[in-house]
Structures are given as C-alpha cells and as structure tokens.
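S.K.: Okay, these came from TrEMBL:
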- 64-156: domain 'Ig-like' (DOMAIN)
- 266-355: domain 'Ig-like' (DOMAIN)
- 360-447: domain 'Ig-like' (DOMAIN)
- 453-539: domain 'Ig-like' (DOMAIN)
- 543-619: domain 'Ig-like' (DOMAIN)
- 642-740: domain 'Fibronectin type-III' (DOMAIN)
- 742-835: domain 'Fibronectin type-III' (DOMAIN)
- 839-935: domain 'Fibronectin type-III' (DOMAIN)
- 948-969: transmembrane segment (TRANSMEM)
Amino acid sequence: MTVLYTRYPVFFLIQFENRKTGEGITCLVPCTVKMGILVEPALLLVLWQSVWALDIPLEIRQPPAIIKQSMKEHIVDPKDTMVIECEARGNPHPIFSWRRNGKYFNVARDSQTSMRRRSGTLDIYAWNNPEQYEAEYQCIASNEYGSAYSNKIRLRLYRPPVWPREVLEPVVVSAGLPLVLSCDPPRGPPFNWPVQTAFPTMQPVRPDRRVSMGVNGDLYFSNILFNDSAADYCCNARFPYKNVIQQKMPVVVKVLTTRTVAEAAPTWLSPTGSSSSILVLQGEELLLECIGAGVPTPGITWTKNGDDLVVSPRMKVKNFNKMVQIPKASFDDAGEYTCTATNKIGYIEHTITVRVKAAPFWLEKPTDLVLAPEENGRLLCHSDGAPRPTVSWFINGEPIETATPQPNRQVSGDTLTLRSVTTANTAVYQCNVSNQFGYLMANAFVNVLHATPRIIGPRNELIKVIEGSRTLLDCRYFGSPVPELRWSKYGQGTLEGNRFKTQGNGTLEIKNIQIEDQGTYVCVVSNVAGRDESQVRLEVKEPTLIVTRPQSMKVIRGSDVRFECVVKADATTPVTTTWMKGKKISLDESNLVITNVNGGDEGNYTCVIKSELDQKYASARLMDMFGFLIVYACLCVDRPDPPSKLELSDPYERSVRLSWVPGDSNHNHITEYLVQYDDDDWLPGKWRNLSTYPGNLNSVILHLTPFTYYEFRVIAINEIGMSRPSRPSMRFQSSGAPPDIIPKNVKGVGTWRNNMEISWEPLTYREWNGPHLKYLVWWKRRDSREEWKNATTKWLRYYIYDADTFTPYDIKVQAVNDFGLGPESPVAIGYSGEDLPSVPRSFRIQQRHLDSIYVDWDLPAEPNGVIIGYSLKYQTVNATRGEESRVEEFTPNVTSFSVRRYDRYTRYRFSVAAQTRIGIGEWHTEESPHYTTETYAQDQVDISTQGWFIGIMCAVALIVLILLIVCFIKRSRGGKYPVREKKDISLEPVDDNDQEGSFDYREEERGLQRGQLSMDAMMKRSDSDDSLVDYGDGGEIPFNEDGSFIGQYTGTRRDVRELDFGGNLELHSPMNTIYSLA
C-alpha cells in the first residue's frame, strides 16, 4: 500500500497492491478495499490526518498508556515472590487496579499481595496455598481521560516434574523383531522433548538407521539385535524453565538369539496406519516423523503432493531421513507429505496431511491520535489470521455497543472513524482481534485538545561538521492541530533541493556539506494556536589531510633515522600529532627522530593526527640492516618464519576453517601460504598439498572429503623461498555425508538358469563419505510395468533368484551409508541365467545329387540363451559296415551340411543339437530315406516350370529348326521338282521350250541369285512380318501335299523387275530369309 498526502486539511490517495497477482486499487479515502488474500504482517497507515511522528510531551494532559506488562503465559515458581508486571504513563499519572478471572481483585485486602508505588506491578508472596493464585489476571490503568487495559495474563505455577518410583518389568524380545521403549515423561510447564540415555555407560543412545528417538521421547528399534541387550535403559527429560533433568526408572532389555533372522517387509512404528493429519500454527515448529520396522532396516524417503520433497533452506531432514523439521511453519508448508519405508522385501507408505492455521497477527495496530476540535480522525485495527479473526472495539474497557452513543463516532469492521471531534471523544480505545487459536489486544487513545506548537529538545545548538560529510539538524516538535514546519537559512526562504530533505519528525538532513552551507538555520513550527522556533548554527571545517606520509626505511644499525608526518588542517581547528609504536605512545611531535638505531627500534611506527572532528593515520616500518656486513648483501631479507597456533573451527561435512598466526616475514612480503594435509590414505608423515592462499590471509575455508581424518600444516612463502612447515594442527575428522560417487561397471550375468548375478566396481574408502557403506541394488524386468525391486548388501555382488531363463532386466546400483543415499547409477541391462536349448527346428534331409545327401535346420524355438554353435552326429545305418559315428561342430551362423554317400543304397542317421554356454541341448535324430532313381527324380526340383529353362529350350529349338531347313535346301540343289500346273509368277523368265514340264532347281537358284541384291535391300528396309497372306495379294495361299508353296509357282506371273522396291515394301515370306541364310 502506498500513502500519498498533502498539507492540512488532508485527503489520502491510497494505492493497494495485491502481492500475488500484482493487481492494484487506487482510491481517495474513505474507500473500501477487499483484502482477499492473506498477507504477511506489515505496517499500514490510513489516517485522516497529517502523517507525523507522534511524540507527546508528558507535561501535556493525556490518557494513560500501558508501556510494560508480563507475558500472556506467565510461569512462576511459588517458592519465590511471584511478580506480574504492569507499568503505564499518562497525565495525570494513572491509578492501577486488577481483575482476576474477570472480576475485580481487591489487592489491599489480600495479605499475601501488594502493588508497587506509582506502578501497577503486582507482588504475590503466597506463603500459604499458592495454588489459589493460579488464575487469569488483567491490569487496568486509569485517569480522568480514560482507562487502558493490559493483556489477559495467565499465571501458572511451576511444579517440578517427577517420574513415579515404579519398577519396570524386563523386556524380553527375539532378535529381528521391532521394539519400542516408552518414555511417557511427566508433564510440566512447559514440556521439552526428552533426551535418551543408556546406562551404565551414561552415554546417549546414538541414533542410526535402525535405532531412533521419536519426538515423543520413545526409543524405537526397527529390528532388535543381540548387542542391544542392556541392564538399564533410562529416559531423561529436561525441562527448560529451571533447566532440570529428570530420570525415569531403568528398564532391562533382554534379546533372545535365534539361528536365523527372518527377513520382514516394512511396517510402521510411528505413526501407525496409512494416513494421519497434523495441525500447526503459522510460525510454530513443524515436525514430521516416520519410523519403520523391518529386516533389513528400511530406508525412508519423502514426497510432497506427489513430487519428491524439495528441501528448502527453511527445512531440515534429520534422523537419517526419518524426520522433517520446519522451525517456522508457513502456509506454503501445507499439503500431503508421504513417507515411504523400503527394504528388499517390499515397501509401505504413510500420508501425513499438514494443515497450517494462524493465530491473529497484526498488519497495523491502532496508534495514539492527537486531534484538535472539529478535526477528523480514524483508528485502524488491521489484522489477519486463519481463520480470519473477528474484530471487537472497546472504549475504556467497555464494549462499544454498550458505551454511550456518540453521533460523530462510527465503527465499520476494523475501522473506527471520528468526525468533527470534541473533548467528549477523548478516551482510550481497545481493539481486540481473535479466532480459535488466540487473540491480540491493543490500546490507542484519542486526545482532543488545543496545544500551542512547541519545539521539543535543545535549542540554539552549535554543530561543527567536516566538508563533504552528511549531517542532521534536529527539530522535534508538538502541537494541536498538527503544526506546519519550515526550515530556512537566516530565517529567509525555504530550503529546497537535492541536498536538503526534511524528515517526518522535523529533522533536516543535509548531504555533501559545502563551505557555503555554513550559517544559522531556523526551524519554525506554527498552527492556528501560535508558533515556535529554534536556531541551529552550523560551522563547516576543512578536512584534515596528511600531506607528507612517513616512509618505510632499511637502515644500518647505529645510524639515525627521521620520520616526517606533515599535516594540512582547517586554520580554526587545532590538531595534535602523536607517534605510536604498536600500542605504545612515543611522543607528540610532527617529526620523529630516532638516533643510534638498534635492534629494539625495529617495528611499525604510526603517525596519529587528531582534531575535534576527525582523525587520520599513517604508518611506516623501520628495519635494521644488522650492521655493515648486510650492506654488502644489499638487503637483510630471508625466508619467512613458519606460522604458528593453528586452530580449526566451523566444522562441516565438507569443509573446516583453518586459522593461524603469521610468522615474521623477515623483511620480504609473504606472497602466499601453502596448506598441506595428512590423511588416512597415506603413510604417516606423507604430506600432500591441499591448496594455496594469498599472503594477506590467515584464516581460510578448507574444502575436504567427508568422513576423513585430517592433520594440517601451513607453509609461508615469499620471494626468497618457503618457510619451515608449521606444527601440525590437531587431528580432525570431517563430518559424514551421503556418497557422491556412482558405482561403475554395473553388470548383470546369470550363473544358473533361474538367477542373475549383479556386480559392480566398489567405491574406494575415500569415496565412502561415511561409516557402514552398503549398496542398494535395484532391478525389474525390462519393458515391463512391474515396480522396481531393491535390496541392500555390503558385498560387491547380489544374486536374484526365481528369475525366468535368459530374461533381460533393467538394473542400477547406488551406494548408501549411515548419512543417506548416493546417486543412482545409469540403468544397465542384464540377463538372467541360460539353460540348455531346445531341439533345432525344421530339420530336413534332401538328396540334391545322386552321390550326396544334404541336411539343414533352423534356430531352436527356445534358445534359452545365446547359441554358440551346433553339433551334428551322423553314421550309416547299414549294419554290414559297422561304421562309427562322426561328429561335426558348427558355428552359430552355419545351419547346413552335406555328406557324400558310398552308393545309392547307403542311408545315414543324423542327430543335431544346439549349444549354449551351459551345454548341449536336446538332440534331434532322423534317418535319411532309401533313395532310388525315381526317389531322386522326385526329390529334384522340377525345372521344367522354371522360366530360364523354358527360354533356353525355345532358343535351342529355333536354332535346330533353322539348321534343319538350311540342310534340307542344300540337299535339294540340282534336282528337279515336277510341276503339274503352269506357274503364274516367276522370279525370272523361264524356258518355254521345256517340253517335259519339269522344273530345274539350279535354274531357280540362278534366278534367285540374280535377284539376291534387291532382296537384301528390301529386307533391310522392311519390318519383320510372319504373315503369308499379303504375299499372295491378300488371298489365302494353299499348300500342296508335300508342303511346297503352290502359290509361289501359280497365280499371276510377275517379273521381279516389275516390283517396286521403293516406298514401304515389306518382306512377307519367311522363305526369303531362309534363302538368304542359305
């Protein structure tokens, strides 16, 4: 909320801002603002009056105000005087009275009580029956202008808590079972959680993952061990009021041993069941605790609202993850917290629902209000809580509903408004806010009066300041109505500008003062009743400066030396010069002369310049050259002396602070320090370098490995060399921490058909980070929806049993010690154990050739592992041969074999088996059939249906046909073929004189030869056409009985010379092609 205001009369422009949403509301007072979101306590100011610091002089008449009172819960020891405080102020001085349990308490009539003079403090002596004074008290301070009320103070008597002197029966329990030893401390005001102690050693029981102390004081054993047997376990309770420790009677625990301790799934010791709830008030401590039982001891993990619990700086996870501690609960801590107890047998969950409520708290308390008649005023009683508190108003202790009505007074919720006030409105108003978790009450008076302005405090002050500094000029004032204040210089004008600022209480602030700011400043306050003023004289002085500083020198012993310290200061300000060596003051002179220098004169000399306003320093070092011999060596320098007094502080799990006293540098600046360490991993006296640090440091933070013993030493280094090592520090062990290293080389390999061995590389001892290092092993079937299973072991391998044969698993490992869990390793894939494989599938015996038999097979249906090869045994089945069995071994990628047989009647018996790393599996045995020629033919592949075979046969047939035709033609040359009919067409003229009617093939050949060139040309230009129809002018060409072409010799006779070989002449007869080939 932002408040802006102007000069009287005032209207307020108020801007409210929602902190969570950023939305704002701006309005002119009066306005109504809905406070919809619970906010943190803050100071708000909403008044119909000028904002100024109210400081009422006590000489002004005023109602009473409570200035001191006892706590609401007041615990006293009846053996001492019981004191209930109540102090107040007012004018006239208040008169005090008391109420007890809501009724008037007559202190004067009680012989065991009295009130102190001019005070309301109550003294109760309680010689007899002090219990009668346990009650609720309230102090009332009154004068003629009103009554102020204190809080209700509840007085409680302290009674020393005592355990009953009872004899506790021995506890007998079998090893491996859980055990709870109850504390049940007596109640006392207030009760503090007890501390467990085991006797007779008088040493506290050290909690670990198995043994825990609950917040109620009970001692929990997740599983009892034989070593837990003891004659006397005692519970001690400490009560802080008197710092008293009370002890319970001891109890004997006897553990019965058994041959074996059965593993058990987790169960809850505290809290019980699957869910519970906790109500906590804002600002109070929140403790969440989950303690489980089981064998092995279960580990505890936490989630909040379904997500992993994020440990914030406000939160601590303690007691080996069994407790979550939040010192001051807030509304953000509400939610559902789920703790999970897990061991290798199983897990169990418990959900704790946390509800956060809040007792009322102030956002703005009502404040005293001084008003002039006819002014307006407002009291605001703004608070919050969960649930939201109710507001009640009182006037002088009387509820405002029953008080005398006043027309100018109006109450609206947490706001009380007064308009045009009169003296009748002068009173003490009480505001009470409450909900089911508590209440708050505040007094605020309204004082209506006319008061002439007055300056409160000293007047006509003289203030001296240094040029360039900042100063404050006070002018505290009071008046009614609220006076107007004005600062001026020499009574003229008003001071304004960046360097001048008037604060709300009237103080004038001047920044970066200059010489010209010197002068007289006037503060004037005024209202309708009058005015008052005060003057402040300001003197500005020049700052003191050291012009010539003393210089460090190296001199020869016996010579004289002079240090100069020249100063420039303000002429009106006296200064003093003092020389100091260490803490010893030497003399008061601006120059220091030392004659006949000796070894005792060596050291640091400081020139101290003092004035009434400031102080300056300058130092120099005097070094002795140790005689003339050193003059030839130029400088008296050497390696530094070793550091001393090594101290360790602020130990943490990974760091510790090392401090030391530097040794003498021997006239050469120490440039750095080397810190070395010796730990358990090295031979004694084997020092290792840890780190180097600048030479101006003598306290550093060392970064360490958790849970390791260390010794440290420091070596100083300058330009000459290294000092001797310091003496070792005390032996120190860093605190433990969860492991940081991930187990490496995680593997899962089966060693038998139903198991898997999970192994990993161990962490080195330096990587343990704490005692009792173990490994948490996780596994689940790969690509399955089953939950992760886990087990804890201290060995470097873990075996999973009852696993399916050769099944892939997701596995991971994490290291764990007494301080918690380390990071998980990446998920690796492991396989459970292999087994003997089943028989190979699809075993076939074939005869691809007459003299050999071919066998092949496929991968087994159930490999049960990685197949590393096959074994094949075979032998003849002919009894006459008596041949021994032969064995062939094959690699995994070979699944066939052929064997040559002696004759076509030889048969074989084949046996084949697959092999894994476990061994050879089941054999498959089969005999080859009795192959004959027909059987062989049946076994052969029918290639007559193969495309490539058909293509080859067609080509061969065509070639044979062509060759037959050519041979036929050549054999027929020289003979005559009888022609019964007259030829219609001839390729060349024939002899008409042939009376015999015969045809001479030789003449035909000659005719063809003559026309051969034309025919070849015609073939080159024509396309292939097997049709014979076009050759005979489109008609069908008949064939004779001997297959000759009749149409070749009959029909229309055309001379070859008449044929048109131009154009698109096509060769239609295949015979022409045949003749050309012949």
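Think of each number as a place in line: the chain as shown, counted from 1.
Backbone N, Cα and C atoms are what each Cβ position is placed from, and that goes for glycine too.
As the structure is a computational prediction, the values presented were derived from the model and not from experiment.
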S.K.: Establish whether the number of Cβ pairs under 8 Å between the domain 'Fibronectin type-III' (742-835) and the domain 'Ig-like' (266-355) reaches at least three, counting only pairs separated by 6 or more residues.
M.R.: yes
S.K.: Let's see if you can do this one: DSSP helix, strand and coil counts over the domain 'Fibronectin type-III' (839-935), in that order.
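M.R.: The domain 'Fibronectin type-III' (839-935) comes out at 3 helix, 47 strand, 47 coil.
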S.K.: Looking at the stretches 64-156, 453-539, 543-619, 642-740, 839-935, which one shares the most CB pairs under 8 Å with the domain 'Ig-like' (360-447)?
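M.R.: Highest pair count goes to 64-156.
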S.K.: Just to confirm my parser: what is the rounded mean pLDDT across the domain 'Ig-like' (266-355)?
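M.R.: Averaged over the domain 'Ig-like' (266-355), per-residue pLDDT gives 93.
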S.K.: DSSP says what for the domain 'Fibronectin type-III' (742-835): how many helix, strand, coil residues?
M.R.: 3 helix, 48 strand, 43 coil
